[in-house]
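Notes to accompany the following structure.
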């Protein structure tokens, strides 16, 4: 920035001091990156004193083509204006700039003008660039979060945990958000620049980037590639040719880098947790406190009637009519971001749901939110944005219908409490789960819950599920937590609470499904006649062998068991459903001896093969979070190198080992 011909010889952006004060040193130590609502200083190296009656003016330019121009006031004025003051010391001039707490985020170009007494520009220095981010530490910023421990987790923490599985068997999956990795911030602004709004009217888009509601909504739309130049293409049919299967991603950074290097061409492939994790990375990077949420037994209500209608044929198989249908997912991930909602009446500040998974259109875009969590809990479905859809995700009824050959539908079960269970996020205090279900809904059966349902337009009726169906017969499914590759038992129990013996026909069906309820194949079916004495229970055991399910299961390994009971004297047939996740064998990581910073570390990884066949050609994938497992602490590791020694892992053995070298 040197200029040896005029008043200003050079400019020192004081990036080290400013970035430290603004908590952006993790992003970059050389470039100037600051947060709005907080002053920062730069130093001008001057060749001489400013001539009498001459003065400096500062002008800010925003946008790729300088669409927005802001003149910086000389003295403090209204709180919504940029202003600066100056101090002279020998051959230096210290300029302190003050940004308003609602300033536009983005890359700024600062021009320093030396003005003559009659208003002419005598000298111009305009090569000064800096980035401005949201400031959740500033009380006047609408993303202000007053708890430092929450800020350290929801803005500064680059590593997280994503919860997956089923409501009664929750698994944790580590994820590297990497929001402060090199050039991730630049990619996040590139994402904003490629949105439909930015490409259509860049000036209007830039002018709206002061608002986290607008910015978060754009990010939510741009994380998926449906209808725009978004980051990720979704795929849910287990066919991942030409891309990376969603379950192989372990962090957001490679996805964002690949998208940017390909010229804003979508990366293949993502599913809900990947979409949510990438959105979390972008929003944290821009300065909006954000956390990833998992909703277990999540409803996807297509028609907005607060009911998930699952249609089955008389063999209990899902009907496929080619139309988009309601569905219930074992789990579904979205994010919450913290902000004031000045666009809404009072009472809706705080956590806002944002869902980047492309499911339904919202104002013509595949995005969802921001929707206040408070609005969901209170059943206020007229609140922006997408409250009815989010409310259904955590509150819808699940109704199973059997469609008979003549087209008539018969309702066989209603579950009013199975949706929206164990809603989870990573704890601020460590790598364990916090349950936030009560942020979204009142306790089941409470007076407040009934009032909310009434307000939201959902009818409250007596359920007819496996726990409270009318009549004397009760139906339940019990199972252990089996490991993929093993044989296991499923127990179907018919309990007779009546005073007479009951004779019934019991159908038991086991099928493999995806985590979002796509049918993969039938594993086993039995139909038997049972007699249950009065006040007794009958148990039927289904033995599932590896060969029964191996060729059908998807990457998340969920199984679904349906039990259907028809008995003379009962008003309606009885049906109950259970989801059984198959867990994978646990990996054991051992690091012999001590680990030292910058030294090579050897880790031994082993597991027991539960399959009745030998495994060959297996690959362990090592990602950046492996740092902590290897007990290596260092400032900014960039990659883990994996060298492997391939050895067949036979049934019941754990004989494979890999050596990892961590370098900077």
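One-based numbering along the chain as shown.
Note that Cβ sites are derived from N, Cα and C of the backbone, with glycine treated the same way.
Because TrEMBL annotations are produced automatically, they should be read as predictions rather than curated entries.
Keep in mind it's a predicted model, so treat the numbers as computed, not measured.
According to TrEMBL:
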DOMAIN    264-358  domain 'Transglutaminase-like'
ACT_SITE  272  active site
ACT_SITE  332  active site
ACT_SITE  355  active site
BINDING   395, 397, 444, 449  Ca(2+) binding site
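With a cut-off of 8 Å between CB atoms and residues at least 6 apart in sequence, the same chain places 272, 294, 295, 298, 300, 357, 393, 516 near residue 332 (active site), listed in sequence order. Each of the recorded positions 355, 397, 444, 449 was scored by the number of other CB atoms within 10 A of its CB, and the lowest score belongs to 444. Residue counts for the domain 'Transglutaminase-like' (264-358) under DSSP (helix as H, G, I; strand as E, B; rest coil) come to 15 helix, 40 strand, 40 coil. Geometry remark: residue 449 (Ca(2+) binding site) versus residue 355 (active site), CA distance 24 Å. The recorded positions under consideration are 272, 395. Their Cβ neighbour counts within 10 Å are lowest for 395. A separation of roughly 17 Å, to the nearest angstrom, links the Cα atoms of residue 355 (active site) and residue 395 (Ca(2+) binding site).
Restricting the average to the domain 'Transglutaminase-like' (264-358) gives a pLDDT of 92.
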